[in-house]
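*Asks:* Questions regarding the structure given below will be posed in turn.
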Amino acid sequence: MRLFAIHLGFLAAHVLHEVSGGPKNSCLGYIVRDDSNPYLDAAAPFLLPSLLSPSSPHAWRRGLVEVPTPSLNATGALFSFSLLPRIQAAAAASSLGEEKREEEEELRDGYLPSAGESEQHADADDPSPHALRGDGEHQRASISRTEAESHAFPNQDTTEPTETAKPRDSDGDTTRSELPAMTPKQRGRPGEKFRDEYKPSDYTVDSVDLRFLLEETNTKVSATIVMQRVAGTPPTDLVLNGDDLDLASLMVNGKQVKHIGDSNAVAEGEAGYRLGSDGSLIISKAVLPQKAGEPFTLQTEVSIHPKSNLKLKGLYVSGSALVTQCEAEGFRRITYFLDRPDVLAKYKVRLEANKAKYPVLLSNGNKTEEGLVHGSPDRHFAVFTDPHPKPSYLFAILAGEFAAIRDKFTTKSGNEVALAVYSEPAQLHKLEWAMHSVKVSMKWEEEHFGREYDLDIFNVACVSDFNAGAMENKGLNIFNCTLLLADMQTSTDDDFERVLAVVGHEYFHNWTGNRVTVRDWFQLTLKEGLTVFREQLFMGTVMSAGVQRIKEVADLISRQFAEDDGPMAHPIRPESYMAMDNFYTATVYDKGAEVVRIYHTLLGASGFRKGMDMYFERHDNTAATCDDFRAAMADANRINLDQMDRWYSQAGTPRLEVLRSEYKEDAHTFEISFRQHTPPTPGQETKLPQVIPIKIGLIGKDSHRDLLQPSMVLEMTEEEQTFRVRGVDEDCVPSILRGFSAPVRLINRRTAEENAFLLAYDTDPVTKWFSSRALAAPIVISRCEKIAADKNVQHFAGLPDEYVEALRTALTDQATDSALKALILQLPDWNVLAAEMRPIDPEALHKAIRTVKADLATALKSEMLELYRQLTLPAGQEEKVTEGEAGRRKLRNALLHFLSAARDEEAVERAFMHFTEAKCMTDKYAGLIALSNMPTEQREHAFSHFYDDAAGDPLVVDKWFKAQALSDLPDQVERVAALLQHPAFSLKNPNRLRSLVFVFAASNHVHFHRDDGKGYELLADVVLQVDRINPVAASRGAKIFLTWRHYDEQRQHKIEQQLRRILAEPSLSKNVKEVVVLALDSPSSPSVQLES
């Protein structure tokens, strides 16, 4: 195929689908060209059979071209007149060129296809994955978009025009025009913020000069801020955010401003400042310049107290170091400021501290000066200047005793960047992998998105006490040590992989988050969803793409789908919040990434890159919105994407149901019909159809080959649609939702035989993995129902032959890599299986999963043992950090997991030998997990040995706590309660808190949900204790209660008691209160049908 750049004028290009006497492997086209408009550069051919001929006298006919196709059955696209508004809207939007537009004012008329079933034609032999679309009641298809952005035109039947829907509101805000407005009742929570109430700041900040006298108990911060009131705004009081600050001095333009009292407002005519009840600083307009646009200088001096700052927001102590965390609203705990992401300024920072205690001083930007403090030889200073404007949440400093490894990176433009990765000196040997990850990420960013690093230095550091995983502060990325340190003796293969992924994620934020930031926190997914997607692309490049994608999908289904089914269901762009920290969620991050993936799937890699380039060009060094991103994607590709807004505004997981699929031998066609539906979610009953790209393959029943070479993308936009694929020469089994092309629950009533067929012959790793799960899930659910009916049942029907044989074939297949085999072998996890049960019976589901594992291990024991032996390294051979070796270990440890399900003496000896002979942490930890469920002497010896070997290493001790939290032993609640008193445990350390309490409550379902309610009481106790010191961490624990309506009435009653006990706490933080109120207000939710 050839790519045509066809200019759009008042009418789109028209192409004949058939010309009398013309060759069958070609088609003729009419090209409309408007050379006077350079912005309308888009390929937009139309097939208008029976309407035009080569001799057509129309005045707009500019030329006749022949479009050769590579084969008789080239994939193509068919259009009708009803698509003209969509193309014209895209043309109108494109004509804006490079002009910057205000929020929600893209000039794209909203094309809303008419409802009803549609038919779509495509042929099967085109080697490229084309995106096809069926709209309206009549047969048609939209522009085929491929990685090469090419268009092919097969022989097609004629179509009839369909009615075009009415355009949307002129401002393009689909949320306002399509979804019901929020009711007053829904706006009734005190302190709640709403997206539609956004208002730009009346003041802007030009520059910030900060000076720190660093001490752990009392740090003094002097700020000099150059500001001005926005032109066109009337004089108004200046309100600066603050939290737990001791103000010593305030000056405006060098004049001291007096304190006139404490209240939330300044009276008209008062000259001075007041301190608000929320910590804010209110400066009277009377002491500020009366002329808008006139710069003025604001100077403040405050004292802060890092050692007593247990919230870990702002400046706080971690170990013996001082560190900051400012996202989302931590900067206000450092100094008074307009602490909002749409206020960007250039920063200069001077750090001064005791040289012996804080030998390393770091901040954002380039280091421009350093030395000893004059007259104080025991103190030193460092000055950092950041030339790029940034919001306050990206500010960072780090001071303490750190060691570093150093390297250099030369950008493609020839600029040399000094790299340094810091940790505590004792952990220095664990930084090599992090440095490798930094360099790989920088190179990948240049190669795939053309984005270079923009400072002279890039520093990365880690601390032990950190609420988040990592933070992308400009030029100074700060990590939780769990996500930066790695070596073979203390880290698992999963740890190595996470370090690589998160280092990449934070580095990629330099452009998607830092250079282009978010206008307000409702737009969080703009930086996080986009950067998660870029991280996924990165990991799919440097690791096995199929294996990585399965891991991403498994995590999404387990975590985010559960979130969508619960009381905190929210769109990826929330409409409101009380505590922003509560919305750093799987929905915003992971579903947000899937929404970005939809753009990539529809537009192709090159189209997506064009959209990204336009996004960066338009919004560099500004604060943008999700609508800005959508506009860039649409305008760069000359296509209307208004319907994509629904993914941002609607909560919930769409259900995609396969209504029918049929092969028609006489016509050599395959037809498939779909229906989509999104269930109501809290506060949002009305749902509209989404844009759903459905990537499919067709596997020949006789040939066992992939007939579409390899995939085709169907673009679904209506509630129900039918698609027809031509040129299919044999009956086939459809492989649907390849690569998990959209974040939906697939309901596909395939037989066990069809699933086994796909597991054996499907070429897509993700759908192959889904087929394995589809075989396993009904077995577990059926057994669970039997156990629920009779708790004493001990004997079950044997596993179905097709399931056992399908896994036997997969395990012994030499062409399948080890990591993929390990994933195929897994049963669906608890959250996925529990979604089909209402109420959830924890004991029955736990026993069902365990017995199916044991039965599968029995049925495949000889194959598993032989493969386990083959995967064991010979004596004297060392383990290596390579993808292939990691895959081998993953499969070997998965086999150990199944072989340990029997928990008999043979299983104990095998697991103990696996533990004692392990040459790396991956195998050692796998052995410990296997032994953790076996009440034997070997178990106790292993845990004791593991703890002693840790020698106090925090990350290894976290693993020790986690393994015990996951243990399936009697009195597990009491065991966890006892570990809370262990000398190595502290509620103040987020990692330790997660590794024991939150892992137990979120993952050890059968024991946390013990019917006496003791597990609930333990979690509530911890939430209340932690809330007093770290509300962010406490709210994460409280979220574990959100699924309480899924259980039986007895358990619901016990959980409700704990929720009301938490809510009754007078000093409860807004973080925890928001979660508890949502939980108590939640209705019960129905079960869902599993993917099949």
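Backbone N, Cα and C atoms are what each Cβ position is placed from, and that goes for glycine too.
Caution: TrEMBL annotation is automatic and unverified by curators.
Annotations per TrEMBL:
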SIGNAL    1-21  signal peptide
REGION    114-199  region 'Disordered'
COMPBIAS  118-150  compositional bias 'Basic and acidic residues'
COMPBIAS  153-162  compositional bias 'Polar residues'
COMPBIAS  163-176  compositional bias 'Basic and acidic residues'
COMPBIAS  189-199  compositional bias 'Basic and acidic residues'
DOMAIN    201-394  domain 'Aminopeptidase N-like N-terminal'
DOMAIN    433-647  domain 'Peptidase M1 membrane alanine aminopeptidase'
DOMAIN    652-746  domain 'Peptidase M1 alanyl aminopeptidase Ig-like fold'
DOMAIN    753-1080  domain 'Peptidase M1 alanyl aminopeptidase C-terminal'
*Asks:* Which of 433-647, 652-746, 753-1080 has the most Cβ pairs closer than 8 Å to the domain 'Aminopeptidase N-like N-terminal' (201-394)?
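*Replies:* Per the Cβ count, the answer is 433-647.
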*Asks:* List, by number or range, the same-chain residues at least 6 past the compositional bias 'Basic and acidic residues' (189-199) whose CB is under 8 A from its CB atoms?
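*Replies:* 103, 176, 182, 519-520, 522, 573-578, 1070, 1074, 1077.
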*Asks:* Treating G and I as helix alongside H, and B as strand alongside E, what does DSSP give for the domain 'Peptidase M1 alanyl aminopeptidase Ig-like fold' (652-746) in helix, strand and coil?
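*Replies:* Summed by class, the stretch gives 3 helix, 50 strand, 42 coil.
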*Asks:* Within the domain 'Peptidase M1 alanyl aminopeptidase Ig-like fold' (652-746) only, compute the mean pLDDT.
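*Replies:* Summarising the domain 'Peptidase M1 alanyl aminopeptidase Ig-like fold' (652-746) by its mean pLDDT gives 97.
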*Asks:* Could you put numbers on the helix, strand and coil content of the compositional bias 'Basic and acidic residues' (189-199), residue by residue per DSSP?
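*Replies:* So the counts come to 3 helix, 2 strand, 6 coil.
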